[in-house]
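These notes concern the structure reproduced below.
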(Lines of atoms letter the chains of each structure in order from A and count residues from 1; the text may use other names and numbers.)
(Lines give C-alpha, C1' and ligand atoms only; values in the text may rest on other atoms or scores of the structure.)
Protein backbone atom coordinates (compact mmCIF):
# COMPACT_ATOMS: atom_id res chain seq x y z
CA UNK A 1 0.00 0.00 0.00
CA UNK A 2 1.22 3.48 -0.85
CA UNK A 3 0.13 6.88 0.45
CA UNK A 4 1.34 10.29 -0.66
CA UNK A 5 1.58 13.22 1.75
CA UNK A 6 1.79 16.76 0.39
CA UNK A 7 3.46 18.95 2.98
CA UNK A 8 6.82 18.02 4.52
CA UNK A 9 6.45 20.18 7.62
CA UNK A 10 6.21 18.89 11.19
CA UNK A 11 2.74 17.38 10.90
CA UNK A 12 3.18 15.84 7.46
CA UNK A 13 6.47 14.29 8.56
CA UNK A 14 4.92 12.94 11.77
CA UNK A 15 2.03 11.34 9.87
CA UNK A 16 4.56 9.82 7.46
CA UNK A 17 6.49 8.32 10.39
CA UNK A 18 3.32 6.87 11.95
CA UNK A 19 2.11 5.32 8.69
CA UNK A 20 5.49 4.01 7.57
CA UNK A 21 6.06 2.34 10.94
CA UNK A 22 3.09 0.13 10.12
CA UNK A 23 4.36 -1.02 6.74
CA UNK A 24 2.88 1.63 4.46
CA UNK A 25 5.10 3.12 1.75
CA UNK A 26 4.92 6.92 1.96
CA UNK A 27 5.85 9.53 -0.63
CA UNK A 28 6.44 12.86 1.15
CA UNK A 29 6.34 16.02 -0.97
CA UNK A 30 7.81 19.36 0.08
CA UNK A 31 8.75 22.54 -1.78
CA UNK A 32 12.29 22.69 -0.40
CA UNK A 33 14.46 20.47 -2.64
CA UNK A 34 17.43 20.71 -0.30
CA UNK A 35 15.33 19.51 2.63
CA UNK A 36 13.75 16.58 0.75
CA UNK A 37 17.18 15.50 -0.50
CA UNK A 38 18.48 15.64 3.07
CA UNK A 39 15.58 13.49 4.28
CA UNK A 40 16.42 10.78 1.74
CA UNK A 41 20.14 10.91 2.53
CA UNK A 42 20.17 11.19 6.32
CA UNK A 43 16.63 9.97 7.23
CA UNK A 44 15.90 13.11 9.26
CA UNK A 45 13.84 16.22 8.57
CA UNK A 46 16.32 18.70 10.02
CA UNK A 47 14.12 21.66 9.12
CA UNK A 48 11.05 20.62 11.13
CA UNK A 49 11.52 17.43 13.22
CA UNK A 50 15.30 17.15 13.51
CA UNK A 51 15.47 14.61 16.33
CA UNK A 52 13.26 11.91 14.78
CA UNK A 53 14.36 9.09 12.47
CA UNK A 54 12.37 8.60 9.26
CA UNK A 55 12.05 4.93 8.22
CA UNK A 56 13.42 3.80 4.86
CA UNK A 57 9.95 3.35 3.36
CA UNK A 58 9.48 7.15 3.33
CA UNK A 59 10.62 8.74 0.07
CA UNK A 60 10.81 12.55 0.01
CA UNK A 61 10.68 14.67 -3.14
CA UNK A 62 10.14 18.25 -4.29
CA UNK A 63 8.67 17.04 -7.61
CA UNK A 64 4.90 16.88 -7.22
CA UNK A 65 4.57 14.60 -10.27
CA UNK A 66 6.36 11.86 -8.32
CA UNK A 67 3.69 11.71 -5.63
CA UNK A 68 0.56 12.01 -7.76
CA UNK A 69 -0.27 8.60 -9.20
CA UNK A 70 -3.30 6.38 -9.58
CA UNK A 71 -1.89 3.69 -7.27
CA UNK A 72 -2.11 5.83 -4.12
CA UNK A 73 -4.53 4.53 -1.51
CA UNK A 74 -5.08 8.20 -0.68
CA UNK A 75 -3.38 11.58 -0.81
CA UNK A 76 -3.02 13.48 2.48
CA UNK A 77 -2.65 17.27 2.42
CA UNK A 78 -0.83 18.78 5.43
CA UNK A 79 -0.42 22.33 4.16
CA UNK A 80 -1.61 25.73 5.44
CA UNK A 81 -5.18 26.61 4.47
CA UNK A 82 -4.12 29.75 2.59
CA UNK A 83 -1.99 27.57 0.27
CA UNK A 84 -4.62 24.89 -0.23
CA UNK A 85 -6.21 26.35 -3.37
CA UNK A 86 -2.84 26.46 -5.14
CA UNK A 87 -2.05 22.84 -4.27
CA UNK A 88 -5.53 21.62 -5.23
CA UNK A 89 -5.16 23.38 -8.58
CA UNK A 90 -1.83 21.60 -9.14
CA UNK A 91 -3.52 18.28 -8.37
CA UNK A 92 -6.39 19.15 -10.72
CA UNK A 93 -3.90 19.77 -13.54
CA UNK A 94 -2.63 16.21 -12.98
CA UNK A 95 -6.08 14.59 -12.88
CA UNK A 96 -5.01 11.93 -15.36
CA UNK A 97 -2.58 10.71 -12.69
CA UNK A 98 -4.85 10.62 -9.65
CA UNK A 99 -8.49 10.86 -10.74
CA UNK A 100 -10.82 9.37 -8.10
CA UNK A 101 -8.03 9.08 -5.49
CA UNK A 102 -9.40 10.07 -2.05
CA UNK A 103 -8.00 13.36 -0.71
CA UNK A 104 -7.58 13.66 3.08
CA UNK A 105 -7.13 17.26 4.22
CA UNK A 106 -5.45 18.16 7.52
CA UNK A 107 -5.54 21.95 6.92
CA UNK A 108 -7.37 24.00 9.56
CA UNK A 109 -8.88 27.45 9.16
CA UNK A 110 -10.81 29.56 6.65
CA UNK A 111 -9.59 30.90 3.31
CA UNK A 112 -9.17 34.68 3.47
CA UNK A 113 -10.40 35.45 -0.06
CA UNK A 114 -13.46 33.18 -0.24
CA UNK A 115 -14.39 32.56 3.43
CA UNK A 116 -14.48 28.84 2.58
CA UNK A 117 -13.42 25.94 4.77
CA UNK A 118 -10.75 23.56 3.42
CA UNK A 119 -13.21 20.91 2.20
CA UNK A 120 -15.20 23.55 0.32
CA UNK A 121 -12.06 24.75 -1.46
CA UNK A 122 -11.10 21.21 -2.45
CA UNK A 123 -14.60 20.25 -3.59
CA UNK A 124 -14.73 23.35 -5.79
CA UNK A 125 -11.55 22.34 -7.64
CA UNK A 126 -11.24 18.54 -7.35
CA UNK A 127 -14.65 17.45 -8.57
CA UNK A 128 -13.64 13.84 -9.25
CA UNK A 129 -11.82 13.15 -5.99
CA UNK A 130 -13.64 12.09 -2.81
CA UNK A 131 -12.82 14.72 -0.17
CA UNK A 132 -12.31 13.98 3.54
CA UNK A 133 -11.10 16.00 6.53
CA UNK A 134 -8.63 14.43 8.97
CA UNK A 135 -8.69 16.40 12.21
CA UNK A 136 -8.38 16.18 15.98
CA UNK A 137 -6.05 16.69 18.95
CA UNK A 138 -2.69 15.61 17.55
CA UNK A 139 0.66 17.25 18.24
CA UNK A 140 3.24 16.32 15.61
CA UNK A 141 6.02 15.50 18.08
CA UNK A 142 3.84 13.06 20.02
CA UNK A 143 2.80 11.29 16.81
CA UNK A 144 6.47 11.07 15.77
CA UNK A 145 7.19 9.49 19.18
CA UNK A 146 4.50 6.86 18.45
CA UNK A 147 2.21 8.15 21.22
CA UNK A 148 -1.51 7.54 20.59
CA UNK A 149 -4.05 10.13 19.49
CA UNK A 150 -7.74 9.98 18.64
CA UNK A 151 -8.67 11.82 15.44
CA UNK A 152 -11.65 12.07 13.11
CA UNK A 153 -12.01 11.28 9.42
CA UNK A 154 -15.01 13.27 8.18
CA UNK A 155 -16.66 13.03 4.78
CA UNK A 156 -19.87 12.31 2.91
CA UNK A 157 -18.96 8.81 1.72
CA UNK A 158 -19.30 6.61 4.80
CA UNK A 159 -18.43 3.34 3.05
CA UNK A 160 -15.23 4.76 1.56
CA UNK A 161 -14.37 6.59 4.78
CA UNK A 162 -14.64 3.45 6.89
CA UNK A 163 -12.62 1.52 4.31
CA UNK A 164 -9.83 4.12 4.53
CA UNK A 165 -9.89 3.94 8.32
CA UNK A 166 -9.38 0.16 8.17
CA UNK A 167 -6.30 0.73 6.02
CA UNK A 168 -4.59 3.62 7.84
CA UNK A 169 -5.77 3.51 11.45
CA UNK A 170 -3.23 1.99 13.84
CA UNK A 171 -2.13 2.07 17.48
CA UNK A 172 -0.84 5.65 17.05
CA UNK A 173 -3.48 7.11 14.73
CA UNK A 174 -6.77 5.96 16.25
CA UNK A 175 -9.29 7.20 13.69
CA UNK A 176 -13.08 7.37 13.96
CA UNK A 177 -15.54 8.30 11.23
CA UNK A 178 -17.92 11.29 11.11
CA UNK A 179 -20.13 12.47 8.26
CA UNK A 180 -20.31 16.03 9.64
CA UNK A 181 -17.47 17.45 7.55
CA UNK A 182 -18.30 21.16 8.12
CA UNK A 183 -18.84 20.80 11.87
CA UNK A 184 -15.43 19.17 12.26
CA UNK A 185 -13.78 22.09 10.45
CA UNK A 186 -15.57 24.75 12.50
CA UNK A 187 -14.09 23.32 15.68
CA UNK A 188 -10.66 23.08 14.06
CA UNK A 189 -10.73 26.72 12.97
CA UNK A 190 -12.05 28.39 16.11
CA UNK A 191 -9.97 26.46 18.63
CA UNK A 192 -6.78 28.21 17.47
CA UNK A 193 -8.24 31.66 18.13
CA UNK A 194 -9.63 30.59 21.49
CA UNK A 195 -6.19 29.18 22.34
CA UNK A 196 -4.63 32.59 21.70
CA UNK A 197 -7.13 34.04 24.19
CA UNK A 198 -6.28 31.35 26.76
CA UNK A 199 -2.60 32.10 26.32
CA UNK A 200 -3.20 35.79 26.94
CA UNK A 201 -5.09 35.01 30.15
CA UNK A 202 -2.32 32.67 31.32
CA UNK A 203 0.40 35.16 30.37
CA UNK A 204 -1.33 37.79 32.47
CA UNK A 205 -1.37 35.35 35.42
CA UNK A 206 -5.13 35.59 35.76
CA UNK A 207 -5.39 31.99 36.95
CA UNK A 208 -6.68 28.62 35.85
CA UNK A 209 -10.26 29.56 36.67
CA UNK A 210 -10.15 32.30 34.05
CA UNK A 211 -8.61 29.96 31.47
CA UNK A 212 -11.42 27.46 32.12
CA UNK A 213 -13.93 30.28 31.66
CA UNK A 214 -12.45 31.13 28.25
CA UNK A 215 -12.51 27.48 27.16
CA UNK A 216 -16.17 27.20 28.19
CA UNK A 217 -17.14 30.44 26.44
CA UNK A 218 -15.07 29.37 23.44
CA UNK A 219 -16.97 26.10 23.19
CA UNK A 220 -20.17 28.12 23.08
CA UNK A 221 -18.79 30.22 20.21
CA UNK A 222 -17.98 27.04 18.29
CA UNK A 223 -21.58 25.91 18.83
CA UNK A 224 -22.94 29.31 17.76
CA UNK A 225 -21.06 29.33 14.45
CA UNK A 226 -21.75 25.63 13.97
CA UNK A 227 -25.54 26.15 14.11
CA UNK A 228 -25.40 29.26 11.90
CA UNK A 229 -23.33 27.50 9.22
CA UNK A 230 -24.83 24.00 9.40
CA UNK A 231 -28.42 24.91 10.47
CA UNK A 232 -28.26 21.96 12.88
CA UNK A 233 -25.89 20.43 15.38
CA UNK A 234 -24.42 16.96 15.89
CA UNK A 235 -23.45 16.44 19.52
CA UNK A 236 -21.10 13.61 18.52
CA UNK A 237 -19.09 16.18 16.58
CA UNK A 238 -19.32 18.93 19.19
CA UNK A 239 -18.13 16.81 22.12
CA UNK A 240 -15.85 14.60 20.03
CA UNK A 241 -12.11 14.77 19.29
CA UNK A 242 -12.31 17.38 16.52
CA UNK A 243 -14.14 20.03 18.58
CA UNK A 244 -13.95 19.53 22.36
CA UNK A 245 -10.84 17.34 22.27
CA UNK A 246 -8.82 19.64 20.01
CA UNK A 247 -10.02 22.71 21.93
CA UNK A 248 -8.81 21.31 25.28
CA UNK A 249 -5.42 20.27 23.89
CA UNK A 250 -4.76 23.54 22.07
CA UNK A 251 -5.84 25.75 24.98
CA UNK A 252 -4.03 24.08 27.86
CA UNK A 253 -0.39 23.61 26.91
CA UNK A 254 2.47 25.78 25.74
CA UNK A 255 3.29 23.09 23.18
CA UNK A 256 0.38 24.65 21.26
CA UNK A 257 1.83 27.41 19.07
CA UNK A 258 -1.40 29.40 19.31
CA UNK A 259 -1.51 29.20 23.10
CA UNK A 260 2.21 30.04 23.31
CA UNK A 261 1.65 33.03 21.01
CA UNK A 262 -1.09 34.33 23.31
CA UNK A 263 1.12 33.70 26.32
CA UNK A 264 3.77 36.05 24.92
CA UNK A 265 1.14 38.73 24.28
CA UNK A 266 -0.10 38.37 27.86
CA UNK A 267 3.46 38.84 29.12
CA UNK A 268 3.65 42.17 27.30
CA UNK A 269 5.58 41.31 24.14
CA UNK A 270 4.99 43.60 21.13
CA UNK A 271 2.09 42.18 19.10
CA UNK A 272 3.33 43.29 15.67
CA UNK A 273 6.74 41.76 16.31
CA UNK A 274 5.14 38.49 17.41
CA UNK A 275 2.93 38.41 14.31
CA UNK A 276 5.89 39.07 12.01
CA UNK A 277 7.86 36.23 13.58
CA UNK A 278 5.00 33.72 13.82
CA UNK A 279 2.57 34.47 10.98
CA UNK A 280 3.16 31.20 9.11
CA UNK A 281 3.20 29.05 12.25
CA UNK A 282 0.30 30.39 14.33
CA UNK A 283 -2.85 29.39 12.46
CA UNK A 284 -5.12 31.56 14.59
CA UNK A 285 -3.55 34.77 13.27
CA UNK A 286 -4.47 33.96 9.67
CA UNK A 287 -7.88 32.51 10.56
CA UNK A 288 -9.27 35.36 12.68
CA UNK A 289 -9.85 37.85 9.82
CA UNK A 290 -11.89 35.56 7.55
CA UNK A 291 -13.64 34.11 10.60
CA UNK A 292 -14.94 37.52 11.65
CA UNK A 293 -16.03 38.22 8.07
CA UNK A 294 -17.88 34.89 8.00
CA UNK A 295 -19.51 35.60 11.37
CA UNK A 296 -20.78 38.95 10.06
CA UNK A 297 -22.07 37.24 6.91
CA UNK A 298 -23.95 34.70 9.04
CA UNK A 299 -25.06 37.41 11.50
CA UNK A 300 -23.61 35.80 14.63
CA UNK A 301 -21.62 37.26 17.51
CA UNK A 302 -18.38 35.65 18.64
CA UNK A 303 -17.10 37.82 21.53
CA UNK A 304 -13.78 36.03 22.13
CA UNK A 305 -12.93 35.88 18.44
CA UNK A 306 -13.80 39.54 17.82
CA UNK A 307 -11.72 40.51 20.86
CA UNK A 308 -8.68 38.72 19.43
CA UNK A 309 -9.33 40.28 16.02
CA UNK A 310 -9.52 43.77 17.54
CA UNK A 311 -6.36 43.17 19.54
CA UNK A 312 -4.34 41.93 16.55
CA UNK A 313 -5.72 44.22 13.85
CA UNK A 314 -7.56 47.20 15.37
CA UNK A 315 -5.03 48.23 18.04
CA UNK A 316 -7.32 48.00 21.06
CA UNK A 317 -5.45 47.77 24.35
CA UNK A 318 -4.57 44.43 25.91
CA UNK A 319 -6.54 45.27 29.06
CA UNK A 320 -9.61 46.13 26.99
CA UNK A 321 -9.31 42.88 25.03
CA UNK A 322 -9.03 40.86 28.24
CA UNK A 323 -12.05 42.64 29.70
CA UNK A 324 -14.06 41.81 26.59
CA UNK A 325 -12.90 38.18 26.58
CA UNK A 326 -13.93 37.64 30.21
CA UNK A 327 -17.07 39.80 30.30
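Cβ atoms are placed via backbone N, Cα and C, with glycine included.
Noted in Swiss-Prot for the protein shown:
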ACT_SITE  191  active site, proton acceptor
BINDING   10, 11, 31, 108, 140, 257, 281, 283  NADPH binding site
BINDING   108, 136, 138, 191, 246, 256, 257, 258  sn-glycerol 3-phosphate binding site
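Positions of the features from Swiss-Prot, shown on the structure.
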{"residue": "11", "record": "NADPH binding site", "Cβ within 10 Å": "23"}
{"residue": "31", "record": "NADPH binding site", "Cβ within 10 Å": "13"}
{"residue": "108", "record": "NADPH binding site", "Cβ within 10 Å": "25"}
{"residue": "136", "record": "sn-glycerol 3-phosphate binding site", "Cβ within 10 Å": "26"}
{"residue": "138", "record": "sn-glycerol 3-phosphate binding site", "Cβ within 10 Å": "24"}
{"residue": "191", "record": "active site, proton acceptor", "Cβ within 10 Å": "32"}
{"residue": "246", "record": "sn-glycerol 3-phosphate binding site", "Cβ within 10 Å": "26"}
{"residue": "257", "record": "NADPH binding site", "Cβ within 10 Å": "21"}
{"residue": "258", "record": "sn-glycerol 3-phosphate binding site", "Cβ within 10 Å": "25"}
{"residue": "281", "record": "NADPH binding site", "Cβ within 10 Å": "14"}
Tertiary neighbours of residue 140 (NADPH binding site) (same chain, Cβ under 8 Å, six or more apart): 10, 11, 13, 14, 49
Chain-internal residues, separated by at least six, CB under 8 A from residue 283 (NADPH binding site): 80, 81, 108, 109, 192, 257, 258
DSSP three-state assignment for residue 108 (NADPH binding site): coil
Among 31, 191, 281, which are recorded as recorded positions, the nearest neighbour of residue 138 (sn-glycerol 3-phosphate binding site) by Cα: 191
Mapped DSSP class for residue 138 (sn-glycerol 3-phosphate binding site), helix or strand or coil: coil
Pairwise Cα distance for residue 31 (NADPH binding site)/residue 256 (sn-glycerol 3-phosphate binding site) [Å, integer]: 25
Neighbouring C-beta atoms (10 Å sphere around the C-beta of residue 10 (NADPH binding site)): 21
Residue 281 (NADPH binding site) and residue 136 (sn-glycerol 3-phosphate binding site), Cα-Cα, nearest whole angstrom: 18
Local Cβ density at residue 256 (sn-glycerol 3-phosphate binding site) - other Cβ atoms counted within 10 Å: 25
Cα distance (Å, whole number) from residue 256 (sn-glycerol 3-phosphate binding site) to residue 281 (NADPH binding site): 10
Reduced DSSP assignment, residue 10 (NADPH binding site): helix
Rounded distance in angstrom between the Cα atoms of residue 246 (sn-glycerol 3-phosphate binding site) and residue 191 (active site, proton acceptor): 7
Distance, the residue listed as 'active site, proton acceptor' to residue 256 (sn-glycerol 3-phosphate binding site) (CA atoms, angstrom): 11
Coarse DSSP state, helix versus strand versus coil, of residue 256 (sn-glycerol 3-phosphate binding site): coil
